[in-house]
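Colleague: My questions will all concern the structure given below.
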């Protein structure tokens, strides 16, 4: 049923160095990528400068630590989710203007973890809801979120980790990470167009550690992308710039069955055979 799952990276639609700073022109560009190609699609968006600052301030990715002010942190959960909702509203406005039938779905409403752990059983109701939404012709738009946790009160679920779980269940033909950079970069700035996951390349690309990101940024994307390729032989996985001609080419075309297909100037994650 699902052909593509696309993660719209927070850095591609916001300025992560500034608090709650949205790039409206980037949102319009990325939304238009789907105007004629949104059937059997799941979308996930990152937080960027919306939510990350609050999550870092209240250390939400660690759960509740008993030395912290509980009431203050609980309000931090609310403020983080308020911020995420604000960014999602910008996206939803743009999708509706483009006449794309997008509906917002929050993981918070479906998932409760236990000491950070989430089982396949925990995801069951989210999967069922998504199946109904998709069967009615809507495009679900999810996001990284703060979840309630039975033992540690709250935790962060990254959009990248969510993408992996949805890919594992729906078995799409493509998973695409739209980012603020052309792909995985080597230390000299060159793009790795074919990133083979059985080669020890993971530390050979640059990370901007000065940017606030509580979910791991590019390193986590590479790990998630590698896990998808390992688990789903038929799924093509790309990391590329969201506002780019390459994104237009990839998302406006039908999916190539060529297992060696590479989009020059972007990264495809591959398994060596």
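Note that Cβ sites are derived from N, Cα and C of the backbone, with glycine treated the same way.
According to TrEMBL, the substrate binding site annotation covers 47, 52, 159. Annotated ATP binding site per TrEMBL: 48, 217, 221, in sequence order. Residues or ranges marked as domain 'Aspartate/glutamate/uridylate kinase' by TrEMBL: 4-239. For 16, the entry in TrEMBL reads site 'Transition state stabilizer'.
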Colleague: Using Cα coordinates, what distance in whole Å links residue 52 (substrate binding site) and residue 16 (site 'Transition state stabilizer')?
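Modeller: Distance between the two Cα atoms comes out at 9 Å.
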Colleague: Please name the residue among the binding-site residues 48, 159 whose C-beta has the most neighbouring C-beta atoms within 10 angstroms.
Modeller: 48
Colleague: Could you give the Cα-Cα distance between residue 48 (ATP binding site) and residue 16 (site 'Transition state stabilizer'), in whole Å?
Modeller: 5
Colleague: With substrate as the bound species and 47, 52, 159 as its recorded binding residues, calculate the greatest Cα-Cα distance and give it in Å as a whole number.
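Modeller: Max span of the substrate binding residues, Cα based, is 12 Å.
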Colleague: I need the nearest neighbour of residue 16 (site 'Transition state stabilizer') among the binding-site residues 47, 159, 221, using C-alpha distances.
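Modeller: Nearest candidate: 47.
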Colleague: If one measures from the C-alpha of residue 47 (substrate binding site) to the C-alpha of residue 221 (ATP binding site), what distance in angstrom results, rounded to a whole number?
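Modeller: The separation of the Cα atoms works out to 14 Å.
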Colleague: Please work out the mean pLDDT for the residues of the domain 'Aspartate/glutamate/uridylate kinase' (4-239).
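Modeller: Mean per-residue confidence for the domain 'Aspartate/glutamate/uridylate kinase' (4-239): 90 out of 100.
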